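Below is one structure, written out as structure tokens, with a few remarks after it.
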């Protein structure tokens, strides 16, 4: 139902309905009432400071602070007048309207409004509702003229206060009673929030947006609407009783350079979303899921038993039962009994936990947010006036398009939108610091380091060791995997999540049971003093700064001198640079000196060395050791040599203690004389084995992200600061030198200080790209070399034990496995002979780390210099070289990385490669690969098709370069040297085959070049080779144009995907590997190579009998096999079989099919196979009791007859790239009995005149045995492909 946001002024009179005097839960019957405003149903705002659990002196800044991991701002005068309270109220109304302005936000509000707490908690008997509970009811004071004041109870879902003592600390507070929380136990309870919209956090953007403008790594201030929505997600979790506040990530504080901070709850990681939930292991994910499911079952049990509301006899039991059924998405049978529908629960759970997240909302609202919950927070800023639409609007927030603020989130950028905020007074700012004091060399020198800047390293006790537990495996053991994703579009469009039942009355009897736990807040000391002789990253950063009151500074290469003397700044750049920077020049030489030193700065900052695969890192930034003293003193002097010896470990301040448990054993349940259950137990053990591998990998990734990658992140932050400090010192030196000249001398100096700043920032941006690549590569290298092998070692031990136990289990039960024991042993041996490969993208969605992992994991990708991929309705370069990609309007894109080029003038893609790539004479050693789909020729245009050539990709400069073109059934690769000499190599496919492997079908093209040869590989196999020894230098353009250019038909088009260029000649094995990787997918494909879809019409194609098709036999419920007609005009070119012939089948999803978020058919899905006949949907069945090896399939209208089976499992045909699949009939999804495979068989028929045999659409037990005997026999008649009608094939 539509959400209505109410409007108020603070001075509006109390009406006892929308404006009331409320006694909040923590007032505990003291008679402290607050003026409260109902901003929308069940949500109240109290424009007062949140004081519960605090002392009055807590509201003043002192030597102590509350949370040790943030900057805290105090102002005891905030909200101390009615005018200030009115501004707060109006601002909150505006923020709620901003939330409501988009469907996603309105749905969030709808679910909060309708997520009313259960009328009771764990103390209430099962058969009762009870409203006299502090987590359900609050009191309001009703006061009318001439009447005695009286209390009345009301139901509320959320009460929002102003802030507590700290203005920039926003928090959602749930209500505990005797140390139990309804918000965590399925019931849900009233939620409270302390919130301040004006003072917002600031974060930076060091890691993101390669190649973006120089402003893009400045500080960004948060959008208060997003801050509020973050808290509202906590509220939503609390109202549904799924708040996860008992699974902390605990910081390790063993060293003085580690953050001292409160534990981070899993609730925060789920609420933030993005990459952060990756820190929660898969087994923990599952335990949380199971706990919520168990709690919801408890609610079901209560609803089925509740008979009365003892605290309020006016409560209509049935109305509330119906409301709670709707809230929890329970189902009700004909007898009125409630139960949980697992699919509905699964959808609700995932929408709450993985759909509503800060990162999803930020993307939907186009708001800039932090990269991670762990991102550093900078001191907050005060937004000047959120009510001013020139500063902040309901539709766009700060990023107002009319003010050109929407690009790159300019409206949130501190450097750009300065009119939106003001810096806060340092007088009221408290920051928790570590004071590091030197006891030698520079005695008495202490530096203050903000706690936020220290290393966050999680303690190993933060992670569950559930993997070490033994597990019983039975025939019905369920999967533990929880897919932690919920597409945002599905969340917006899913009407099932919207309540269709009106809210019950909010009025009830007054609350008299004030049993509630009020949190008590204790202060912490603000500064911790440490004496140390270690020189850490923090001392080195401090040595690169200078006091603001000192202007005459100089650079030094001595770290100790920089600590001792405040006018000296440590520099890690070369001595030549330091000497030039410190050089004093005459006024006439000043401009030239400035130009030189600024250029030198850019050169120094961008120094990097390409290493020959040392420690799996191809790029190293050599000055990191000198800049931050990472590693140790010996590494500092020769960082590259030390790195070569020790690898990425040298960068870590703290080598983490890893939790890598011994994997617990499987206990296999025995079943007497039950073959099906025994086989199902074996299958479940093998499936659970994969889950153990996945869970172990997930545990390792969780520890890596929170113990290793956090250290590398701090190093990146440190290098960003170091480069900025170097730039600030240089700018100060330049300004000081300039200012000592006379006015006359200055007038003759032509210099632009803004230009200096711009060039320095540009140099820093370029350097940060190198640093990010280097540090990210080190982090992934540490994961792959130091962590994953330890996990694999434990997993292989587990596999060996499992294999032994399974083989013994088969031997013990061979009496019941007659005819199957050897096959089951073979299956176990095959399954356990290979390790499960590690894929980082399964465990985190951090695209930067995944990209680095992919580069690490493939020798090929380390040489890739252009890699076009789809993202957000555009093509981007994922090679890391940042090519500029312009996609014109006439190009069609889709999210399968495919793009379509037509003959239209604006159907074009322009790729401008990074100028850092040296691309001259590249033909001496380079490769190009891509997938292509070329449509079928037109029958009446065959001559043009054969003879006309058109270019599809062009990379030419001054008539030299390379191009790819098509002429008929030829793909042609052409090289042209600087003298105009041309060499070509081509691949030609046959168009006279009955069924072509290439026409309109995706195939993989790889072209390689070296000094001697140019080669073309198709689908991984070498097809053509040409000598190019006599060709000279080729100068290729840095610009690549994708466009159909030449003598072409106006309807001509092609499809392409996965275009890549490599700066090496790929080997045969490289190409085969790449073909196999890019061919693989989790879903099945149709005849053309596109995803196989549910609810789409297909003609069925038998790969073993290509010229056959299926037709419903007249007056008979069977499918006869007929021969495809042949098209041939006595042409030497045209010869093909019709594909669009026979019945058009439709794959329908069976209820428990895996793929529930889209219409793609995945491997092992359970399906129905249907088709339309006489405008009625028919289905493919098999008789339950057929006795022969083969039986004709029964084709009939859909029915519930128990004579037939209709459950089909659609399986991948082959491990190798293929578009074929097999259709396996089973009794049902739980059964291990394989009834037979769908295929073609010749049946004997007795005719009137003579006997004959005829082929029919059948189910076959023979195919089952043959597939096991020869699993990859291409000619088997049980291998099927599905042909949809396509614009690229006309008949």
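Cβ atoms here come from the backbone N, Cα and C positions, even for glycine.
Here Swiss-Prot flags 231 as active site, drawing on sequence analysis. The region 'Translocation domain (TD)' annotation in Swiss-Prot covers 442-857. For 481-532, the entry in Swiss-Prot reads region 'Belt'. Residues or ranges marked as region 'N-terminus of receptor binding domain (N-RBD)' by Swiss-Prot on the basis of similarity to another entry: 858-1079. The ganglioside GT1b (d18:1(4E)) binding site annotation in Swiss-Prot covers 1025, 1189, 1190. Annotation source Swiss-Prot lists motif 'Host ganglioside-binding motif' at 1260-1263, citing experimental evidence.
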Long-range environment of the motif 'Host ganglioside-binding motif' (1260-1263) - Cβ separation under 8 angstroms, sequence gap at least 6 | 1189-1190, 1235-1239, 1241, 1276-1278
Cβ atoms other than its own within 10 Å of the Cβ of residue 1189 (ganglioside GT1b (d18:1(4E)) binding site), all chains, total 15
On the 0 to 100 scale, where does the mean pLDDT of the region 'Translocation domain (TD)' (442-857) fall?
-> 83
Cβ neighbour count (10 Å, all chains) around residue 231 (active site) is 20
Three-class DSSP secondary structure - the residue listed as 'active site' | helix
Tally of helix, strand and coil residues over the motif 'Host ganglioside-binding motif' (1260-1263) according to DSSP?
-> 3 helix, 1 strand, 0 coil
Measuring Cα to Cα, how many angstrom lie between residue 231 (active site) and residue 1190 (ganglioside GT1b (d18:1(4E)) binding site)?
-> 62
Looking at the binding-site residues 1025, 1190, which sits with the largest number of other Cβ atoms within 10 Å of its Cβ?
-> 1190
DSSP three-state assignment (helix, strand or coil) for residue 1189 (ganglioside GT1b (d18:1(4E)) binding site) = coil
Could you measure the widest C-alpha to C-alpha distance across 1025, 1189, 1190, the residues recorded as binding ganglioside GT1b (d18:1(4E)), and give it to a whole number of angstrom?
-> 50
